[in-house]
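Here is what TrEMBL says about this protein:
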COMPBIAS  605-615  compositional bias 'Low complexity'
COMPBIAS  628-644  compositional bias 'Polar residues'
DOMAIN    38-320  domain 'ABC transmembrane type-1'
DOMAIN    356-590  domain 'ABC transporter'
REGION    592-655  region 'Disordered'
TRANSMEM  37-62  transmembrane segment
TRANSMEM  74-94  transmembrane segment
TRANSMEM  148-171  transmembrane segment
TRANSMEM  177-195  transmembrane segment
TRANSMEM  263-288  transmembrane segment
TRANSMEM  294-316  transmembrane segment
Amino acid sequence: MPAAPDHTPATPSDKRSPALHSLWRLRRYVRPYTGQLVGLLIAAFAATGAGIAVPLVIQQVVDGPIAHRDPAGLLRLGALALLLGLAEAGLIFIRRWAQSSLAVGMEATIRDDVYAHLQRLHVGFHDRWQSGQLLARITIDLSVIRRFLSFGLIFLVVNSTTYLMVVALLVAMHPPLGLLVATSAVPLFVVSRRFTRAYLVASRRVQDEQGDVATLVEESAQGVRTIKAFGRRRQMTDRFAASAGQLHDTAIRKSRLLANTSALFDLVPNLTLAVVLVAGTVAAAHGALTIGELVAFVTLQLMLIWPIESLGWIIANAQEATTAADRVHEVLDTQPAITDRPGAAEIVPTDVTGWLRFEGVSFSYPAATRPLLHDLDLTVRPGETLAVVGATGCGKTSLLSLVPRLHDVTGGRITLDGQDIRDIQLGSLRRVVGMAFEEPTLFSMSVWENLTLGRPEASEDDVRTALAVAQADFVYDLPWGLETRIGEQGLSLSGGQRQRLALARAVLGQPRVLVLDDPLSALDVHTEALVEAALARVLRDTTALLVVHRPSTVALADRVALLTDGRITAVGTHSELLATVPAYRALLSATTASPADAGPPPALPTTAIATAPSPATAPSPTGPTIADGTSRTVATATPSTTAEKGTGNRGLVRS
Ligand SMILES: Nc1ncnc2c1ncn2[C@@H]1O[C@H](COP(=O)(O)OP(=O)(O)OP(=O)(O)O)[C@@H](O)[C@H]1O
């Protein structure tokens, strides 16, 4: 399958990979185990040889010691048969022991590779792929491949060899009967071909539907609060039942394909055996065969029943492994769209001054019909804090995500200290740019591990300082303090607690450029004011780009940029924009008069009142107009913020 910069999950009807080609492509994972594989095959062939030799010894027993009443000979040949049996058992044990460690080892290596590749893939890939589909590929599909490598493939080789060796022996022993057995392979071949084609499609469909079901389970687990809050349990259960029912029906159809074919695979060798018994007895009666030869012939033929009966299962296993390998390659073949350009430079954080410029930037999501951002120019000066304000859905978050290259610009360029960020090595760019999202993700790790994600070498003092900035000292009260393992996605914490931890994590990295996407939205005004005060001190030395929705948070910024219709339409201090840009005034008015704020005003936090602004930090003349005229958010938060920071509202004072 050709590599693509981005990739849509395949549909069940996709048939891009020729059968078995995908499996063949996994051979590089076999290479480290070549020695083990060779040993395993030697053991398997030797076991088959020992097994085939037993009927030949039986022939000697029947035609020799039994026919001539020779107990000593019987004992000798009996002991030989016993030895052969023991050797076969021992060799089969060695084969099984080697094959399981080989297959499990290969599965683990492929899984590691797929996971590492998923980490390399760009955000756009993860936006487009359902997580359940990825989950199914890295678990169910790899297990299917392991089963094939540990059983199907070995049996395919061993059984085919057994079949060929036994048929050759049978032809040598009695050509007419031997050829009769050999021709029984023709119907088996025809049936196998038809079965292979049908089963390939069915197994791909089952695997895709397994991914869909996994996605539903994952969504329901993540959205359990919403489901319960809206009383949608029944609806979600019905939705799940429909998807699981479809999977059930497809799996049944697939199993029936195997069942029908297996019946034919059972029938052909048994029918051939019956014919051989009759014809062999007639031949023995006419002296064309000795009794011992007939017994050996039939015993050898019995050895063919298992290889033929298991053929259906082996083909099924191979087809499932082929489609599973196909699905795994769909991930592995996707090329990361965001990578280092050739010759990309490494930058040292301490050398970065923090000039951040958007120069004629355009951006659109892959499936979008028109650009979300276009001809966008913006400059953030070293150490400056710039807030981006705009209507909901206008592209603020998308704009911020361009800075650490979570997405790449589709036109224009972004420069850091004059250098196109695409010419900077991704790793070093992301060490320089710290980010906190509005909906923070915490991992099921300890608080410490979550905090030090971007800076594993951080000291306890660093962590304590970052926690203080984010007002996240609550972590010390958790049962095991910083060692407390927080739940998946930090769900055992409140939204505000998660936001504060994410902010502490971003601050701890001591980035030269800090990108914050409304990181205080879940905080109460009191905590928000405290965080803003501490954050203002951190931001003094850092170039910062913030998305803010609340006027109170605008207070953190030196300047504000208004994003409208994909472009920056105004830049200035908060007070300048309030005074001169009606759209800005209208936007902040709308924000502060939003339904969430429309209810009875909450009690003023005492700290906020206690930290009233000093004359030097008093709101700008235009500030109170908003505050008085629209909502109390500005009236409460801005003064408390300015007082907390001591130096006043940087947006109003420094510009
Ligand atoms: N991963 C994505 N793939 C495709 N479209 C997206 C993606 N993320 C966002 N969009 C679209 O881009 C537009 C801008 O989204 P974005 O989140 O940047 O807006 P925003 O201004 O930050 O919104 P808000 O203020 O509500 O947080 C929206 O129309 C959204 O549907």
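Glycine residues also receive a Cβ, built from the backbone N, Cα and C atoms like all the rest.
Automated prediction, rather than curation, is the source of TrEMBL annotations.
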Within-chain partners of the transmembrane segment (74-94) [C-beta distance under 8 Å, separation at least 6 from its ends]: 39-40, 43-44, 46-47, 50-51, 53-54, 57-58, 60-61, 64-66
When counting Cβ pairs under 8 Å to the transmembrane segment (177-195), the leader among 37-62, 148-171, 263-288: 263-288
Cβ contacts under 8 Å made by the transmembrane segment (37-62) with residues that lie 6+ beyond its boundaries: 30, 74, 77-78, 80-81, 84-85, 87-88, 91-92, 94-95, 98-99, 102, 154, 157-158, 161-162, 165-166, 169, 290-293, 295-296, 299-300, 303
Per-residue pLDDT averaged over the domain 'ABC transporter' (356-590), given as an integer: 87
